[in-house]
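According to Swiss-Prot, the protein has these features:
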COMPBIAS  463-472  compositional bias 'Acidic residues'
COMPBIAS  473-506  compositional bias 'Basic and acidic residues'
COMPBIAS  860-887  compositional bias 'Polar residues'
COMPBIAS  941-953  compositional bias 'Basic and acidic residues'
REGION    459-530  region 'Disordered'
REGION    860-953  region 'Disordered'
REPEAT    6-46  repeat 'WD 1'
REPEAT    61-105  repeat 'WD 2'
REPEAT    117-157  repeat 'WD 3'
REPEAT    163-203  repeat 'WD 4'
REPEAT    210-253  repeat 'WD 5'
REPEAT    257-297  repeat 'WD 6'
REPEAT    300-340  repeat 'WD 7'
REPEAT    382-405  repeat 'WD 8'
């Protein structure tokens, strides 16, 4: 309990229905004021204001005291509702609350005053919760009247009571049916009235073991029209009864807890499981009327607590009025600290008693802990991994239920179709989907067009020049074969050496233009090449004539002397390159190289000479590195013609793509074409990755109903990204695992997509995509999916670890185990120890420290070798490994440069180490014949051992 406010008035009260409600109070009739005054006032309090709660915002004197106050909900022309007061003289007066607060004028705010009740006081009144302008009043002589506050016409009576009542103590409207009301009085009965039939329809009474209940108050269930609760103010039977009118012979629950009569009840409108009561025992008690349990009791007052009410719009707050001159406003929850913490532990007795006298020592006592409905979770929901939705709630009987369902996110069809196409390897359907649908942007459309060309024509078809058309069918066939294997590339090299490049054939075909099928049938086999007649000298000639220069005479003489090398040098001196080239045809390779260099040096500014140089060298490094990238297709054709194998082709064509992109960022389509031809998946994917944000922005601009938020656009963009990668991998016949220096950001993006689709329950597709990633990157996600699917999980082994394990397994499978015994192993080990000890005079180190390492056994098929003795070290130190070892070492497996180091990975078990592996028995050499053991060392006495130790130190 937290006390919010305290009003020092002996007054009845009524809450407004504002979010932060106001409190109207009126001096209560039938009680003496604390100041022994007979005056009466009507006041309004802003109880939740930190500055105004101690003083009323409106106060006015009235002629008579009140028995009851009521505050209606707003209705027509009444923005803050009406305040109705029941006076002790039988008068009922109505005030406009809005005018009353603004004008502070009681007479101006009064809208009606009636003395319809004759012969006594009006004890109770209440506004209808459904028809807010309708009021019911009850008073002396059993009079009950229903008022229409819109017209203030003549009020009417609901009918004749079955049992006459002398006084009506409480009237209450049904919260669900507007024409039903209940009344109770001093006759001991509660009557149920139907205004439509204008009669009393039910009559309730109760007699318990201790006597008959004298009903003082009645309240309806907040939502169920057939249930209500009554209170008895009888000293002999102070009970609270819950009723179901469908069986009105006996109450459903009898709640006992008050020691004296109950004067007031209020059933919480927001929570049917909360009911508050107060009575003659000065107690205020909180109940659960559904279960008939007492929840707790609040601090008692000094006199009767004659009225208690929840704040209608703030049910966590309630007010209690008592005859001790106070109205206490407090919370139903107890959040106050214990009394012991409120009073300081002072050693001064006077200070202790002074603090104790002003401290609230009473605190509520709760027997049952129950959260109010506005703090309960009637239903809880949680998303689970794998597109699971867990819902916890209650069924119609109030029992807890647990439901696990699967929900589908927008765009799930794309993921399902992707899985279907991956299974069936129907990548053409993926390409057609993107080409036939609306283009997101030009870059995306261009990418899918290139992939379409790759699927139809292969890599070589990416560089076909429509204007040139110089490639022959045989050349395309050779290029396609070279993409598959190095053996095919070798065959193509032979064709190139034999002159089967097809260019002359195509030119010839263009000249002929006859369309003869026989021409195409023999295309590329040399049958259509132009022939040159064989030169045969004829006629007489002069070796020298009058015009022959000295240099020509010198050259002629050198040729006639068969000094061809000198003749070539002479030609080069005279800059006669043509003659030098002819002479070099039948000369040594050295001479040919000299003439070539002279030619290229002379014509180094010629583009044709540069191309000829690359062709004669059969090396396109210069072409790729320095040729103008504007002619990138011609460069690509040169790479295709002169690359020696598929690895060189991929490397050079990817390098060309790098140059294109570096030269002009806008030429990304040309660069991607080169990357696709070179199988540079990491570079292509990195470009696509950089363009993802723009692709997402373009997606949000489309009219796609599946894309209405950035997160949905992100999912679709990632789906397209993965589709491109999978399609390219399939058409380019690449390996299953991504590799390359740019694999880390690509892997992270694929992992993001895997996380999204696995969260949507697409575990099969997620597993397929995880196969793209290196084991060190995908390991955690694989284990997560395995656990979600209930499959047995196995330790994730990286490729490097797997390679080392394979080498180790192959070694041990080839060791001749029959030749190994523990006896000769120990003998060899001891022999090495004793030999070293004898030669140096040092004490022998333990045998276990010089055993050969696990990886240094002899492998079958290698040259046998003996174990070399380990170098001697100082006493107590482990020997260091020698730089040259006779033991074979396993190749170091490639590791992922982007993977985080794992200190627990056994990646050093094959390194030469003097420390033996704990799981292996003492080792010996398994290659050749073991050397004979040296003579045994005689035992030295203690004196000799001490001298030897001193020398070593």
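Glycine is treated like the rest: Cβ placed from N, Cα and C.
By the Cβ criterion (under 8 Å, sequence separation of 6 or more), the repeat 'WD 7' (300-340) is in contact with the repeat 'WD 1' (6-46), since 3+ such pairs are found. Taken residue by residue, the repeat 'WD 7' (300-340) breaks down under DSSP into 2 helix, 22 strand, 17 coil. DSSP states for the repeat 'WD 6' (257-297), grouped as helix (H, G, I), strand (E, B) and coil, give 0 helix, 21 strand, 20 coil.
Remote same-chain partners of the repeat 'WD 2' (61-105), defined as residues 6 or more beyond its termini with a Cβ less than 8 Å from a stretch Cβ, comprise 11-18, 22, 24-30, 39-42, 44, 111-127, 129, 132-133, 135, 137, 139-140, 147, 149-150, 152. Mean pLDDT for the repeat 'WD 2' (61-105) in this predicted model: 95.
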